[in-house]
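Per TrEMBL, the feature domain 'ABC transmembrane type-1' maps to B:67-274. Annotation comment: TrEMBL describes B:12-38, B:73-92, B:104-126, B:154-173, B:209-231, B:251-275 as transmembrane segment.
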Amino acid sequence: MHLKTTLTGLLAATMLAGAGSAQAETLRLLTWGSYAPDELVQKFEEEYPDIEVEVTFSNNEEMIAKLRATGGAGFDLAQPSHDRIYAAQLEYDIYKPMDLSKIDTGVMEGKLLDGVKANTTIDGEVYAVPHQWGTSGLMADKTKAPDLKSWADLCDPAYKGKTSMRLKRTILLGTAYSMGEDPFAAYSDLEKYQGILDKVADKLIECKGNIKAYWQGGDDLSAMMLSGEIVGSETWDSTAYKLFDQNPNIVFVPPKEGALAWIDTFALPAKGKADDAAYKWINFVLRPENVTLMSASTGAIAAVKGGKDLLPEDKKAAVNAAFTDADIDNLKFFANIPPGVEDMEGKTLEKIKAATGG
Amino acid sequence: MQNKDIKRLTLILLFAPFALWILLLIILPHIGMVVLSLKEKVAPRVYEYSFANYLDFLHEPIYWNTLLRTGSMSLLVTALALLIGFPIAYYIAKIAGPRARGGLFLLCLIPLWVSDLIRSFGWILLLRETGVISNFLLWTGLIGQPVEFLYNDAAVIVGLVYTVILFMIVPLVSTLDGMDNSMIEAGYNLGGNGFTVLRRIIIPYAMPGIVAGCIVTFMLSAGSYLTPILLGGKNSSWFTEQIYNQFITRFNWEGGAAFGMLLLLFTSIVIWLGLKLSGQTLANTVAKS
């Protein structure tokens, strides 16, 4: 009996605490590292003094895991990539539909907005709008690896022990393209996709001897690249742009098969409590003067009209050094991940990691 | 009568935080994990009870190989920690003077003041190809070109031993401390040499401490995540990494929960075997120190 009252008391106290913070309007942002630079957060809080911004840094997989754990509670705005919304919503019901009338969709680049809408519409409701886009591709020190042009070149014996990659789905997809397959087209036929994955796994296991180590995050990749321990790697373009600042010989190389393009979005968690504040943040960061601040921090291009021109000068130089217009036309946008594919890819990655290839 | 009530109340109050902690943070989550691990996804948002996740583990050699690998490497870490930690503990407990003892203990503690992550980064700075050790060897001329010490199993073992050795030293010091010096003297007086004294007097006496230290270090290394991930190479899988992958990369919480239970079961069996073989019990080892 006593225990029961204590527990009720505890529960009441927790709920009170929860309600208290909601009244002061806290915008709890679940986003990528560098996607909420202090400068912007401060500016936002000055403009809306009644809103306090709380930021949690994460990545695609962890965002979904966090929201799944609470059924979509605990955060008011999340920023998963456009291909990570459809299946996650179908399986775990963690987002809520967006009210597009509250967002200045007019400033967004039409092609990207339509693409994201097409990818994230379920039963006629739209679940996300685009924020920034960028690519995954290769990075090379052009003095030491001038010929690194294809995903397959990471396995070129000429660079034995001098290349790296992240053991995640990007390299599976890139390798599939380099073997002449079209993995996204195979998403509709999972048996065929498994066949492609098996071939990719064999190739990457064979390639293990060529790899120095698999990188885990932008920091260890940067350290290996800057110290010259590796001469080429699979990378996010933004990481390569940052290194370009420090060593102009390190450039982003869009693979000849086409760089893989992602769009990070805005999505509302199902049990978010500050939707209005979330809409305000979305409109705020899409304003031209704020776009430049954001891109300076993230290295990604905003999904607004003329987003490339709004990049800060140093990033613009890095992008121009990396991409030609033909490369842009050749971009391969990540296709929606159908349910089940994550499991197949995860198993393939485990197989590669466990293989004793060299 | 009243006095008895007060005593009882005190006991309940003192015991309550511990009981709540065990119940809310250990027992309930584990029951949740067991329930989760017995579910199988048959379609989006539809689950059925089955043993499928455990069968998956048995059918996939990658998984149980990783578990065995994690177990055997953790045993190696434990053995190395014991070999290195025992002389240190003996020196602190028996040879060092009372004033030096505090200082030495402090020296052992200091590495724990920084987080796991920072310590691992420290090792990375030392061991990497362009790191301190490689550069030093180059400078002395012992090697002709940079050598990579990082990203292999040896680096993982070194990092883990460094992390867990304190948990070996503390129980050893406390048991050795309780040992009467005259027992060692008696051993020598009766004609024993250093080795027989160590084997027949010191080690049997320190056995509870040794077993307690081994249990803690084994559990810590088998369950560690950061060190093997950061220092390990492209072939070094650790079982905790598999659990992480199941939960996060593959969105397969059911599988991850099953793996978590299997790791718990596996480490428990290893420890039970260890206790049986050494003839100790939990009550006179971990509970004592």
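Every residue gets a Cβ built from N, Cα and C, even glycine.
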Stretch among B:12-38, B:104-126, B:154-173, B:209-231, B:251-275 sharing the most Cβ pairs under 8 Å with the transmembrane segment (B:73-92): B:154-173
Contact between the transmembrane segment (B:104-126) and the transmembrane segment (B:154-173) (at least 3 Cβ pairs under 8 Å, separation 6+): yes
Distal contacts, the transmembrane segment (B:12-38) - CB-CB under 8 A, six or more residues away: 49-51, 53-54, 253-254, 257-258, 260-261, 264
